[in-house]
């Protein structure tokens with residue numbers, strides 16, 4: 001048991017926090033602006049994975065940085081899917097949170113590997129075993145420190161802390177507890193982790209072999225090759241929902257206001273590519289190649305989500321290859337009742353739209369009783385996003401039935417560049433000029449899902465995934 005907790009003697013002492021824990025001596029709970037990314041001398045790829053479902057996830061209990069939960073059977077299976085997604089990736093190093101649920105997930109993801117090789121590589125019988133990649137535990141990769149909330153069921157947190165708990169739910173980036181600022185401290189810790197993650201590491205034997213053969217990663221193992229086509233040194237990071245958000249956001253230069261705007265599902269992965277800056281000693285160029293990638297259904301939480309905008313770039317190729325990709329995409333979209341289709345690319349025809357909507361639910365909402373209406377407009381990311389939000393803001397049900405009001409689910413078909421610009425617009429940002437800021441990579445067939453918890457016209461979007469190609 002990692003926390004120094006006493007037996008509860010009243011409802012107020014249900015929390016496991018009593019003022020200190022094993023992480024207190026680290027002095028990394030700092031309410032300060034994030035550190036800048038360190039300079040690098042070679043391309044690097046960092047694959048960030050959240051742990052699988054834990055026992056406390058299943059209970060609805062607030063974990064924070066406690067270490068009293070382990071993976072459930074479902075969590076182990078989720079980690080197994082991630083292992084399959086990453087089976088062709090040779091890692092030069094593995095960084096993990098000190099908490100058991102993350103360590104167990106890393107154990108599953110790394111199963112079946114031959115001493116640092118990828119799981120799909122079979123070393124020659126005469127080859128000496130190559131050394132395993134370093135496996136490093138970084139305390140700063142632990143989950144967000146939630147102090148008095150830790151150990152409480154979410155309903156208990158609401159009952160015991162009332163207004164304070166509501167502030168945590170509504171404005172987490174400004175929330176403070178006894179002089180502590182959990183989210184701002186988390187952002188600082190995320191930036192602190194990058195100081196270690198981006199340090200040079202010795203190349204493994206498998207990495208050297210990959211580099212000498214000129215191979216590079218494909219979209220099947222994380223969203224496309226590293227920027228510039230150079231072989232990327234590949235790191236695996238296994239941690240938690242909140243700290244993974246902090247890692248992604250601080251790499252992209254997004255402030256703490258973006259907490260909960262880039263959620264991480266259990267065992268899902270996100271990929272960041274780093275290339276050295278032209279100026280010596282400057283922070284690297286950053287590309288987010290995918291966010292929250294998973295083969296699982298991306299349309300979940302029906303009790304919390306009332307509308308969607310789904311961005312999709314048409315799959316490449318033709319014939320059987322394209323037909324297979326369209327079938328896979330249609331299977332994903334079958335989990336959502338599409339109410340509108342917005343076509344913002346000339347590369348889409350009626351066959352493609354019909355194929356994508358072939359498996360729609362049999363009992364659509366009143367607004368989609370016929371085929372989802374199709375609208376055409378010129379491709380331009382921000383304008384496309386604004387129109388998509390207008391369509392999503394159309395009420396489709398619930399207003400007269402006593403249930404929650406439901407809004408539209410808009411499918412937007414657009415080219416890769418407009419797709420990336422629309423994601424930036426969903427985050428309330430303009431796409432940065434080339435070479436002047438972080439980039440988003442979008443692949444043919446890539447899917448991005450934006451959710452709304454209330455009226456889309458009034459509510460910032462949560463970006464559930466970006467450039468998800470796991471279905472392909």
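From the backbone N, Cα and C atoms, a Cβ is placed for every residue, glycine too.
For residue 56 (substrate binding site), applying a Cβ distance below 8 Å and a minimum sequence separation of six or more within one chain yields 62, 63, 68, 69. What TrEMBL records for 50, 51, 52, 53, 54, 55, 56, 57, 101 is substrate binding site.
Taken from TrEMBL, the feature compositional bias 'Pro residues' covers 125-136.
Here TrEMBL flags 205-220 as compositional bias 'Low complexity'.
Summarising the annotation, TrEMBL assigns region 'Disordered' to 106-136 (among others).
Per TrEMBL, the feature region 'Disordered' maps to 203-227 (among others).
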Could you list the residues of the same chain, at least six apart in sequence, whose Cβ is under 8 A from the Cβ of residue 52 (substrate binding site)?
71, 72, 74, 75, 76, 77, 78, 79, 82, 101, 104, 105, 108, 266, 267
Counting across all protein chains present, how many other Cβ atoms fall within 10 Å of the Cβ of residue 101 (substrate binding site)?
29
Span of the substrate site, taken as the largest CA to CA distance across 50, 51, 52, 53, 54, 55, 56, 57, 101 (Å, rounded to a whole number):
15
Same-chain residues six or more away whose CB lies under 8 A from the CB of residue 54 (substrate binding site)?
63, 69, 70, 71, 72, 75, 101
I want the residues beyond 50, 51, 52, 53, 54, 55, 56, 57, 101 whose C-beta is within 8 angstroms of the mean position of the substrate site's C-beta atoms, in chain order.
58, 63, 69, 70, 71, 72, 75, 105, 266
Sort out the sequence-distant neighbours of residue 50 (substrate binding site) for me: same chain, 6+ apart, CB within less than 8 Å of its CB, listed by position.
105, 238, 239, 240, 241, 244, 264, 265, 266, 267, 268, 269
